[in-house]
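S.K.: What follows is a single structure, and I will ask about it in a moment.
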Amino acid sequence: MGSKITETWLTKTFLTSIFLGLGGFLYGFDSGIITPSLALNSFLEYFGNPDAPIRGAIVSVYQAGAWLGSASVGITSDRIGRRKAIAFGCVFGVLGGALMTGAAHVAMLIIGRILVGYAVGTITGVAPVFGAEIAKVLCAWGFFVALWTGVGEGKWHNPNQWRLGFAVQSIPALALGVGVLFIKESPRWLCLKSRHAEAEKAFRSYHHNGSNDEWCREEFRHLQANIAIELQARGCLSWAELLKAPAFRKRLFVGSFVWAAAMLSGISFIQYFQPAIYATLQYNQDQQLLISGLYGSVAPVTCLVSLLFVDRIGRKKILVFSASLLSLCYLIITIIAAVFPARPGFPTNEAAQRGLIACVFVVSANYSALLGPMTWIIPPEVFTTELRGKANAVIQILQYSISLVITQCSPIALAAIFFVLTNALCAIVFALVYPETRGKSLEDMSEIFGDIKRRTEPELDEVHSSPSGKKDSEISEYAIEKTESKYHRDRRSDIFRV
């Protein structure tokens, strides 16, 4: 029994995915470490008690850097390869962490945040798609470690306590940057560069176990076939054609709007500015850090719990329920803040405080278990081969642009009202516009979006016997669709599906 488990899980493919999941951990840690820093009096005093716009800039420039990194990753990964692109991004992560650790003024801190953001945007842009589930879990754990690092900083009574967390963030970047150079290059990238002998050697290094030669040859042929299809499709769809075709517009909307909804959920605002929320409730520094640490413990647990049901419930039901519950939580937060304001010199309503904090925790649990996982699941289900490249570009622009604007916000009460409206709107859109995609094959998805008519086997035989060029083209489309279906069922055979 033990050897069977080892054979199933402790494969080179799986272990490599775990290692590359450090990119997700780095994303979570770098995103989270600024949160406790903003609650440390030593940090605020050192930088001259920055006002709300400056604090917003310190937080939001990270998203600007991530936007730049994700925008440039297509060029770097295509030219120098997947491994070197990850290592290239890690260099900026180490430099950014060093600048933040040794920051003497706000400008150094902001530059360091931009570099760290650029690193994260680059690394996550090259992350393997089939390891997205691992990266998502490690991202939650990275955020968890960051917030509890903040709790430790608060217990270390030293004027430089805030530098500790910034120094720690360079460690996973350094480990990933060095370690990635010791693994094989992406078989997919090597095939794209027509280096097929090297690609097959790299593929076998990940999957060959000494007795599966035929399986490796067959799977590598499927990989080559899929890449040939993708190369053919890349030039077949212009931006104008994408916007003209109703089916493609709908696919693009369904796949990208879920990411927009995730950013408009307010989760990044809550994550970054929760100490400020607790400060308005007149909690002291240690209390703010402790509550933040407890908040950070919610996401890893609920993220794991979501694995138990996320594929058993319809996507549409999850999206509608999640957005509705988020809107309700922000509505309660808004009402509590208005009816029971915490004012210096006046007694506070402890029950109202606990209710507001509970709503903040429910927001985290809701996002981590429901809406968050959908951002990783739905886009691959609805984006076809020719649509994938341009659609991913749209997602990256949406994700970091909206997050950049949200994290620059500072009036807490106004933000809560804003997220009541955005989440209510998203719930309506999910209920009225979104199709159900759980358990659908690529052929079923084509029928849902109306771009390809499904054919029966007798119809295919009739088409095949016809000399018409148009019919041959239709056969080609169906063959591509069937090849894609086989590839997506076995997509884990290619570790780097980027």
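Any Cβ shown, glycine's included, is placed from N, Cα and C.
Pulled from TrEMBL, these are the listed features:
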- 16-438: domain 'Major facilitator superfamily (MFS) profile' (DOMAIN)
- 458-477: region 'Disordered' (REGION)
- 12-34: transmembrane segment (TRANSMEM)
- 54-73: transmembrane segment (TRANSMEM)
- 85-104: transmembrane segment (TRANSMEM)
- 110-130: transmembrane segment (TRANSMEM)
- 137-156: transmembrane segment (TRANSMEM)
- 162-183: transmembrane segment (TRANSMEM)
- 252-273: transmembrane segment (TRANSMEM)
- 293-311: transmembrane segment (TRANSMEM)
- 318-340: transmembrane segment (TRANSMEM)
- 412-434: transmembrane segment (TRANSMEM)
S.K.: Do the transmembrane segment (412-434) and the transmembrane segment (12-34) share at least 3 Cβ pairs under 8 Å, sequence separation 6 or more?
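M.R.: In this chain the transmembrane segment (412-434) does not contact the transmembrane segment (12-34) - fewer than 3 Cβ pairs sit under 8 Å.
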S.K.: Out of 12-34, 110-130, 162-183, what stretch is closest in contact terms to the transmembrane segment (54-73), meaning most Cβ pairs under 8 angstroms?
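M.R.: By the under-8 Å Cβ criterion, the transmembrane segment (54-73) pairs most with 110-130.
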S.K.: Quick check for me: are there 3+ Cβ pairs below 8 Å between the transmembrane segment (12-34) and the transmembrane segment (137-156), leaving out pairs under 6 residues apart?
M.R.: yes
S.K.: May I ask you to check whether the transmembrane segment (318-340) and the transmembrane segment (252-273) make contact, with contact taken as at least three Cβ pairs under 8 Å and only pairs 6 or more apart in sequence counted?
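M.R.: In this chain the transmembrane segment (318-340) contacts the transmembrane segment (252-273) - 3 or more Cβ pairs sit under 8 Å.
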S.K.: Between the transmembrane segment (162-183) and the stretches 85-104, 110-130, 137-156, 252-273, 293-311, work out which stretch tops the count of Cβ pairs under 8 Å.
M.R.: 85-104
S.K.: Using Cβ distances below 8 Å and needing 3 or more such pairs, separated by at least 6 in sequence, tell me whether the transmembrane segment (293-311) contacts the transmembrane segment (137-156).
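M.R.: Per Cβ check, the transmembrane segment (293-311) touches the transmembrane segment (137-156).
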S.K.: So what's the mean pLDDT when you look at the domain 'Major facilitator superfamily (MFS) profile' (16-438)?
M.R.: 85
S.K.: By Cβ distance under 8 Å, which residues at least 6 away from the ends of the transmembrane segment (110-130) in the same chain are close to it?
M.R.: 17, 20, 23-24, 26-27, 30-31, 34, 57-58, 61-74, 76-77, 82, 85-86, 88-93, 95-100, 103, 166, 169, 173, 176, 380, 396, 400, 491-492, 494-498
S.K.: Grab the same-chain neighbours of the transmembrane segment (252-273) for me: Cβ-Cβ under 8 Å, and only residues 6 or more beyond its ends, written as numbers and ranges.
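M.R.: Distant Cβ neighbours of the transmembrane segment (252-273) are 31-32, 34-35, 38, 59, 143, 242, 319, 323, 326, 330, 360, 363-364, 367, 371-372, 374-375, 378-379, 382-383, 387, 390-391, 394-395, 398-399, 402-403, 406-407, 409-410, 412, 415-416, 418-419, 422-423, 426, 429-430, 433-435, 437.
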